[in-house]
Amino acid sequence: MASMAAGSCISFKPYNPCLPFHPPKRTVSNFTIRSIASPIRPSPPVVVPLPDIDTSIPPTHVAWTSIRQDRWEGQLSVQGQLPRWLNGTYLRNGPGVWNIGNYNFRHLFDGYATIVKLHFEDGRLIAGHRQIESNAYKAAMKNQKVCYREFSEVPKTDNFLAYVGELANLFSGVSLTDNANTGVVKLGDSRVVCLTETQKGSIIINPSTLETIGKFEYSDSLGGLIHSAHPIVTDSEFLTLLPDLLNPGYLVVRMEPGSNERKVIGRVNCKGGPAPGWVHSFPVTENYVVVPEMPLRYCAQNLLRAEPTPLYKFEWRPESKAFMHVMCKASGSIVASVEVPLFITFHFINAYEERDEKGRITAVIADCCEHNANPLILDRLRLHNLRRFSLKHALPDARVGRFRIPLDGSGHGKLEAALDPDEHGRGMDMCSFNPAYLGKKYRYAYACGAKRPCNFPNTLTKIDLVKKKAKNWYESGAIPSEPFFVARPGATEEDDGVVISMVSGKNGEGYALLLDGSTFEEIARAKFPYGLPYGLHGCWIPKN
């Protein structure tokens, strides 16, 4: 990197992004105080009376219904025109089975993993799905009961001694689930891995047949039981966070393509609370890893309970405050640890570095789907609530939360809405963007928004972070899953590509939907011969 002036007209030092930049001190007369941690204001009250239920959605929506068969594959008839350049496979992972016999699971995140594929080639579309054959799924099918600890489900024990034995298995990790129902990634060496929050729930699949190949076994000795469900994966590296529940903090680790060994970049110690905050996801920039510390923290007491609390394995600790930490990728040094307003997010969108006129990094900007610091969102995802449709269980408000983390040694950062949340119906989750802009300044994001009244995100939205506007797709009664952006090969515009979503329809059908990444208009859809349950996250595997 070229040498740059470090604030002096006679002394020049090489610019190092892993050292904090301290701007020159100004006189008191030039000093301006700005609000850096304004409290979150509640949404204005609803004035127009609303019906008690969302009448556009039937009482037993296919989105929350277990898939009827464990596998299927076939060619789909396409309405519209598939782009000829779209050649490859889109995979979507997520819970697809929420019952064992007559026993129904409690929570959306409990369901056994179902991997769905859309294979595009020369204008044709081959689709299919298959259950991921985790030990948890196979044991449940064999014994017709829950045998591992899922998100809210725990194995039922017959007596106190059996319960004590089950607790021992929890501490050793034996009873934790390997139900890899959250995400799917293609590693730099082309292995395809399905993931969840337990480290043992890392399972390799064949992206063509969807067959379960086996466990992804980490070869290092870092230990631990959990990790972020959303690692940062590129062709050159795999980055993730390992929460430390005993000595509250996070290890930031890297894994090279072709390797199963994670190597430590550095460690972040928590600044608040008796346990680390939940880290379902995290963002990176070109030079830094951003480590969030939410006040929604892991809770050992809740982990030990036989019946779940409203916050499951977490507890809401607002008194412990919220923080954002920034670590240099190259050195592992911490360049910023700032307090920020309270927040709750499942999913970070992207992050980038803010520079001054001399090219020095002065701050990190990190965007996320932020739920207005309302932990109620977790309990709203109980299947019982999702299937009821009462506005007493309406979808809590959410926004695109934008953090500004200064690198000048300040102790506080900002969190504000990146645009008016009404642009996307005050619903915001399940996001994607053009992966060529990972860690870089970007303009567009794609996510699930809301057309209210609703109790779950029911639109697809394209966010323009420059114009602060949104374009929205909506179909009455439909529940779309994550909109996934695939760039056109050779594209020079950020939004030149298609957006893929799998939709659970009002009348029990399921279909693949393709929207133009620029206009956000529908260009094609293809109906499955059966209903699709709601799914979570996907990845794109281009044709070789």
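One-based numbering along the chain as shown.
Backbone N, Cα and C define each Cβ position, glycine as well.
A quick note: this is a predicted structure, and the numbers were derived from the prediction, not measured.
For H230, H280, H347, H537, the entry in TrEMBL reads Fe cation binding site. Spatially close to H347 (Fe cation binding site) yet at least six residues away along the chain are H230, H280, S281, C368, C369, D429, M430, C431, judged by Cβ distances under 8 angstroms.
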Tell me the Cβ neighbour count for H280 (Fe cation binding site), meaning other Cβ atoms within 10 Å of its Cβ, over all protein chains shown. 18
Within the same chain, and leaving aside H230, H280, H347, H537, name every residue whose CB is within 8 angstroms of the centroid of the CB atoms belonging to the recorded Fe cation site, in sequence order. T182, G183, S228, A229, S281, F346, F348, L536
Looking at the binding-site residues H230, H537, which one has the fewest other Cβ atoms within 10 Å of its own Cβ? H230
